[in-house]
């Protein structure tokens, strides 16, 4: 019987968890760290804030958020892969980050009350969920009025020539890197599939607005290989 997208994605991340961080650096040529750093600068996270990192994986962005909110803040990281969370927990414990709590859960149905967080992030995870809009609506639901919802994700380059090279890289080269460095050709073939079908920047910005967010900002990175989308939940009337 054919697996659902959710089942397939779960299997992928359970299998690649121990090599995920290394492969992120290989695949993005280390650029993902700079993209996240610039996104954090734009977010302007305030000390003492409360944040949720959805599809947190091995907790890199969760940890960055913890540094920004400080000891008086609180950061929750949520992921449905227990193996990815196990890697993240090792990092959090090594850094003795008492303000971080990692949770096994589903992005499609966040286990939090409405209007709970100042910031809700998702990094390189939205393309892997079964329903993009459902997750965006859930993120919007749990952020406070005036709070920010942020997505950092692969995108669709528009520059002629570069786009063709990007497609070839993701379709053929990235799975080979997966086989070479992580012994996971099949799993990294899935990652290129999910990236190739993900909405472009303009479409995702419209989805942010449809989810109920305002003042949507879009920041492309590296000729549009990745992009940040940031939206603000309107204040209650």
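Note: Cβ is positioned from N, Cα and C throughout, glycine not excepted.
Under the heading S-adenosyl-L-methionine binding site, Swiss-Prot lists 58, 79, 106, 107, citing sequence analysis as support. Counting every protein chain shown, 26 other Cβ atoms lie within 10 Å of the Cβ of residue 79 (S-adenosyl-L-methionine binding site). DSSP assigns residue 79 (S-adenosyl-L-methionine binding site) to a strand.
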Diameter of the S-adenosyl-L-methionine binding set by C-alpha atoms, the set being 58, 79, 106, 107, in angstrom
15
Lowest local Cβ density among 58, 106, which the record lists as binding-site residues, within 10 Å
106
